[in-house]
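A short write-up of the structure that comes next.
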Amino acid sequence: MEGVSYQRFPRIKIREVKDDFMKFELRDTDASIANALRRIMIAEVPTIAIDLVEIEVNSSVLNDEFISHRLGLVPLTSERAMSMRFSRDCDACDGDGQCEYCSVEFYLRVKCLTDQTLDVTSKDLLSSDHTVVPVDYSDVSSGFDSNSTNKGIIIVKLRRGQELRLRAIARKGIGKDHAKWSPAATVTFMYEPEIYINEDMMETLSLQEKTELVDSSPTKVFGIDPESKQVIVVEPEAYTYDDEVLKKAEAMGKPGLIEIHAKEDSFIFTVETTGAVKASQLVLNAIEILRQKLDAVRLSDDTVEADDQFGELGAHMRGGNRGLEIGGKFVKFTAIGVYLEESAIPFLKAKWKGKSSEEMTDSVVFSRDIVTENKQLSEAVLESIIGKHGVYPAAKCSLAERISELFEKSNGEASVCEKTVIEQSLLENTILNHLDVHTNDDEALTKAESTGKPGLIEIHAKEDYLISTVESTGAIKASHLIVNAIEVLKQKFDAVRLSDDTVDCGCRRSVWSVEGTYVRRVKPHWQFELRLLKLLIKLHGISDSHLSLDYYKKTCPSVEGIVRKEMECVCLSDPHNAALILRLHFHDCFVQGCDGSILLDDTVTLKGEKNAPNNKNALKGFKIIDRIKNRIESECPGIVSCADILTIAARDAVVLVGGPYWDVPVGRKDSKTAGYELTDTNLPTADEGLISIISKFISQGLSVTDMVALSGAHTIGKARCVNFRNRIYGDFKMTTSMMNPISSSYLSKLKSLCPPIGSESLDNNETSMDNVTPNLFDNSYYHVLLKGEGLINSDQELYSSFLAIQTKKIVEKYAENTIAFFEQFAESMVKMGNITNSKTYVNGEVRKSCRFVNT
């Protein structure tokens with residue numbers, strides 16, 4: 001189809017950014033996309049707000065409902081919102097909406113004990129989660145700023161003896177459901193104006209005329225240059241598309257003196273938030289949601305068939321089919337995919353009792369299957385529901401045969417044709433699926449009740465199922481109109497998929513800094529990769545079916561709190577401890593699965609993995625796990641496995657040094673064996689080639705993308721001299737960019753730390769793999785690779801190898817986009833943590849001590 005090309009990539013340029021305000025340009029797109037982005041920011045970016053209030057005591061002058069309403073409108077910090085579950089979808093609490101995965105609990109306990117009026121404000125709300133608090137909360141450790149005049153949002157005033165005690169539950173939601181969840185105070189956009197001044201005509205005006213022209217602009221778009229005395233554009237964005245200036249020019253007899261046009265592909269956005277999320281984060285989340293929406297509706301080319309007489313859209317979305325039904329200029333498409341037989345239309349008209357051909361439309365609506373027990377009930381129900389329309393099923397028999405059977409059979413015995421429909425249904429039931437002619441009237445329900453069959457039929461509206469009618473002017477056929485519209489929409493979708501390199505931001509650090517948590521997503525265009533992963537999982541016996549988020553909910557609900565508290569202690573004392581735990585988890589999972597085998601000490605009958613060549617002197621942090629295990633055993637003896645403790649601790653380690661949060665499925669068992677021999681074959685080495693490393697990740701059921709993302713853990717890691725000696729005395733200078741040559745002082749420092757000829761003591765000298773922010777989990781590691789300064793060969797191979805066609809692009813993406821890295825890292829960590837050994841689950845145990853199997 002010939003049409004407008006939308007092959008440009010939209011570009012974003014940041015003009016101004018603050019915590020609660022952002023101004024940016026969106027270019028190379030059209031108004032539909034700009035408005036979609038605005039609507040998503042207002043109504044579909046999730047935040048957290050109080051949704052349930054339980055009043056225990058309220059002796060104030062305000063009633064319970066009024067206080068609840070005020071609490072609901074208190075904005076809460078919502079960096080966690082993208083990773084939280086919607087309460088309606090949470091399986092951990094069976095939709096109750098009061099568990100740690102989908103809610104945050106608040107308490108308020110206030111009583112006035114003096115004669116002075118007591119202001120109860122949002123500062124009095126105590127949160128169960130320090131990351132979700134009222135937005136005016138300035139410091140987690142010290143509370144509200146004592147010097148600030150802002151003491152919180154007023155909730156109620158109490159006099160002596162009055163008291164307010166309540167419990168509140170905050171949940172994730174979107175502004176479309178209720179305004180309290182809208183993160184945006186204002187979101188506006190305008191076309192970027194293009195203003196042209198005819199200099200030749202302007203020269204003919206006197207200074208007084210120029211002044212009058214400038215003053216005619218109510219928004220002061222124009223000014224006069226004090227030196228040249230020429231009219232200039234001083235505030236083009238102040239122009240509000242009024243025509244006062246143009247009228248003034250015409251009144252002067254100078255039409256065309258000024259021309260003002262709107263750039264149809266360029267928009268200026270102004271975003272102001274309520275404080276629930278930062279303005280920059282609001283824009284990023286909105287773009288991500290828009291991308292997910294576009295991914296969900298992308299229709300592939302092979303789903304469209306069109307000819308002069310019939311157009312059928314057989315798009316497979318959400319596992320269902322789509323069909324197009326043609327009747328002259330009228331088209332109806334539904335969610336069922338059955339081919340419409342043209343010969344059936346007159347047959348259906350003739351068969352429909354009491355209806356003339358003139359009263360019938362050419363549109364036919366159909367059902368996936370109809371199973372009926374008797375003719376009378378069938379006719380009564382069908383006639384009351386479908387009125388003028390005919391119904392036929394997606395059966396193997398023809399439409400004419402099926403209708404004939406429905407209305408002309410003389411007994412309740414199913415025919416051969418009907419049996420093809422009822423193979424998976426019971427004969428005694430009447431099933432009417434997807435009858436899109438129903439108009440929410442209750443005639444069918446009334447008829448069923450009158451036959452003594454209440455509840456025989458239930459009719460509900462499907463929120464994700466839309467029926468559209470199209471009537472054309474006759475310029476083109478209705479079917480062609482839809483096919484063409486879908487093609488144009490596809491082009492827009494292709495164009496609007498905002499690649500990370502389309503962002504032009506002079507203040508990149510403030511815009512792309514990540515302080516929240518991110519949810520794991522699976523996008524439609526990853527489906528092939530996921531199918532491949534499932535195949536690998538099947539081949540390698542990897543299964544996570546026994547893992548769940550609420551495995552310890554009843555037996556040891558405090559396990560995550562204990563691990564978090566202990567990890568806070570060790571990471572605050574030394575941030576490098578986070579890297580130690582993360583490395584232990586990786587080395588554990590890559591050898592016979594995440595089974596805690598890395599923690600086992602050598603015994604007479606068991607050779608542990610700790611002293612294998614690839615692990616010796618490289619692993620630390622065992623005492624940290626021992627300490628956590630002892631704490632948990634004192635509260636929940638014999639319940640929590642060491643493998644689960646290590647997995648949870650690795651997650652908390654990342655979070656505590658600035659990385660993303662993710663939910664950890666638990667339920668692992670501790671192995672009774674160790675894989676000493678497998679460490680050499682399964683674990684990547686510092687000097688290993690790219691292809692070999694990829695094969696090791698693939699063998700664990702992890703993809704190339706997972707490999708690059710998980711390598712990002714080296715942003716907080718250290719390497720021993722023995723692992724980077726070959727690198728700094730080999731090709732280190734060769735991989736560095738000509739534009740960014742390696743610092744001679746940095747290379748000298750590395751060589752002084754690691755001389756060319758080593759000893760056991762020198763071999764164990766360590767240095768950070770990310771020399772920029774070694775104690776912060778960020779994307780600096782990838783910037784190091786871009787400069788060619790990766791400390792170990794296997795890291796730099798991701799970017800500099802001549803085989804790094806795919807990995808190089810991923811490295812560049814993560815270097816540019818911290819959010820993309822964090823999201824994928826969280827997803828990949830879950831996948832790696834789910835690598836389990838079926839034998840361990842069947843024959844495993846929960847160790848009393850992580851260092852030894854139970855006796």
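One-based numbering along the chain as shown.
From the backbone N, Cα and C atoms, a Cβ is placed for every residue, glycine too.
Curation plays no part in TrEMBL annotations; they are all automatic predictions.
Around Ser597 (Ca(2+) 1 binding site), the same-chain residues at least 6 positions away in sequence with a Cβ under 8 Å from its Cβ are Asp588, Val591, Gly608, Glu609, Ser671, Thr673, Ala674, Gly675. According to TrEMBL, the feature Ca(2+) 1 binding site maps to Asp588, Val591, Gly593, Asp595, Ser597, Glu609.
The annotation substrate binding site is assigned in TrEMBL to Pro684. For the recorded site, Pro684 (substrate binding site), the DSSP three-state label reads coil.
Classification of Cys636 (disulfide bond) by DSSP places it in coil, neither helical nor stranded. Residues or ranges marked as disulfide bond in TrEMBL: Cys556-Cys636 (among others).
Summarising the annotation, TrEMBL assigns disulfide bond to Cys589-Cys594 (among others). Within the same chain, the residues at least 6 positions away from Cys589 (disulfide bond) whose Cβ sits under 8 Å from its Cβ are Gln700, Met832, Gly833, Ile835, listed in sequence order.
The Cβ neighbour count for Cys850 (disulfide bond), using a 10 Å radius over every protein chain in view, is 22. Cys850 (disulfide bond) falls outside any helix or strand according to DSSP and counts as coil. Residues or ranges marked as disulfide bond in TrEMBL: Cys642-Cys850 (among others).
Taken from TrEMBL, the feature disulfide bond covers Cys721-Cys754 (among others). Look at Cys721 (disulfide bond): DSSP puts it in a helix.
Taken from TrEMBL, the feature site 'Transition state stabilizer' covers Arg583. Using a 10 Å radius centred on the Cβ of Arg583 (site 'Transition state stabilizer') and all shown protein chains, the other Cβ atoms total 23.
Cys850 (disulfide bond) is 11 Å away from Asp595 (Ca(2+) 1 binding site) when you measure Cα to Cα. Cα to Cα, Cys556 (disulfide bond) and Cys850 (disulfide bond) are separated by 18 Å. Using a 10 Å radius centred on the Cβ of Cys721 (disulfide bond) and all shown protein chains, the other Cβ atoms total 20.
Apart from Asp588, Val591, Gly593, Asp595, Ser597, Glu609, the Ca(2+) 1 site neighbourhood in this chain, defined by C-beta within 8 angstroms of the site C-beta centre, holds His587, Cys589, Phe590, Gln592, Cys594, Gly596, Ile598, Ser671, Ala674, Gly675. Following the DSSP three-state reduction, the secondary structure of Arg583 (site 'Transition state stabilizer') is helix. Checked against Pro684 (substrate binding site), the disulfide-bonded residues Cys594, Cys642, Cys754, Cys850 differ in C-alpha distance, with Cys594 being the nearest. Residue pair Cys721 (disulfide bond) / Arg583 (site 'Transition state stabilizer') shows a Cα separation of 17 Å. With all protein chains in the displayed structure included, the most crowded Cβ environment within 10 Å among the recorded positions Val591, Cys636 is that of Val591.
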